[in-house]
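Only one structure is covered here, and it is reproduced in the block below.
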Ligand code: 3PG
């Protein structure tokens, strides 16, 4: 986008302004903060700026007040120092003055958005002289506003946020400073199996946490009591460990864990060796010795990719493992990248935003990139550029 002369041009910018809103109040502005510089740059270049985004997953073909971008328009107006019009009917054209910014109502209310309808994509394209794809968080969706429009817009370009995300992820995974250490945690191996397989081929160390670690612990032959784990995926976990060994990558397992008799903030927490978990106990965090060892690995890493907290960090008694790793990432000189909703909540809770080299705005898009998948919006931009 920065290479284009935008003065007087109708510029349609697809952002991911899909932010959490409770009772009309935006509860996290992280995605808005990340998108704002792109919008300001286009405005300052004298463009007629139309910003487009989805919010939630409303039904197509009807207006849904709950999914309205009105709170976002208000937020943008506050930041830009001038009210931002929220335009509801825009498919047949929008009047925008040079240097003005308008917000188009939730594009997922348009019929055909979800299935990447060609007629709708052509309508979006007809709104503008230049289409800027900047929504990294939605780049894994092949929809009319993220994919189809790229084919038909007079000019289509990647925006600065999308470019920055791809650069940071590329730096972390394609040209990493070694050792490359990944932390992958979450409730289920099944949702992150492709990710684990893809990372095993790249990383020097893979730290697993949460329900994923429990499945690995069970696969290593230890009891996990009542912990969340996936008995059907023990072989898959063994395969990941065997692949890692073949490549000389380490998949360290916890040596100690924090257990409780139930999943609750007030359940009594007990630290014990990993081979002593009893029936009826649940593993809710890594133990202090494990956290110390993992922090040591992070301290020696050249690159750290973080997706998922290693314990139930929302409950203070089970937050220490995640906190220790978060602080180790913050203190390390590694290039670090964090992404995913729970991970960002942990980054927020431990106040380390400024100490992580790059915080991704992507949830599903971040994961798909780490899985090694090509993001449809990025593929469309490349095809358009003949690359
Ligand atoms: C996200 O929150 O991950 C993106 O905005 C994509 O939203 P979606 O999963 O509803 O497509």
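Note that the numbers count up from 1, one per residue, in the order the chain is shown.
Using N, Cα and C of the backbone, Cβ positions are placed for all residues, glycine too.
Automatic, uncurated: that is what TrEMBL annotation is.
As given in TrEMBL:
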type	residues	note
BINDING	16, 17, 18, 31, 54, 55, 56, 57, 108, 141	substrate binding site
BINDING	31, 108, 141	(2R)-3-phosphoglycerate binding site
BINDING	192, 314, 340, 341, 342, 343	ATP binding site
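Distribution of TrEMBL features across the structure.
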residue	record	DSSP class
16	substrate binding site	coil
31	(2R)-3-phosphoglycerate binding site	helix
56	substrate binding site	coil
108	substrate binding site	helix
314	ATP binding site	coil
340	ATP binding site	coil
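Note on proximity: among 54, 56, 108, 141, the binding-site residues of the record, the Cα nearest residue 342 (ATP binding site) is that of 56. Across the structure, residue 343 (ATP binding site) and residue 18 (substrate binding site) are spaced 17 Å apart at their Cα atoms. Put simply, 31 is the one of the binding-site residues 31, 314, 340 whose Cα lies nearest to the Cα of residue 18 (substrate binding site). Remark: residue 192 (ATP binding site) has 184, 186, 212, 307, 308, 367 as non-local neighbours, by Cβ distance under 8 Å and separation of at least 6 in sequence. Checking the binding-site residues 18, 31, 56, 108, 192, 342 for a CB within less than 6 Å of any atom of ligand 1 leaves 18, listed in sequence order. The 10 Å shell around the Cβ of residue 31 ((2R)-3-phosphoglycerate binding site) contains 23 further Cβ atoms across the protein chains shown. In the three-state DSSP scheme, residue 192 (ATP binding site) falls into the helix class. Around residue 16 (substrate binding site), the C-beta neighbours below 8 angstroms that are at least 6 residues distant in the chain are 31, 35, 53, 54, 135, 136, 137, 138, 361.
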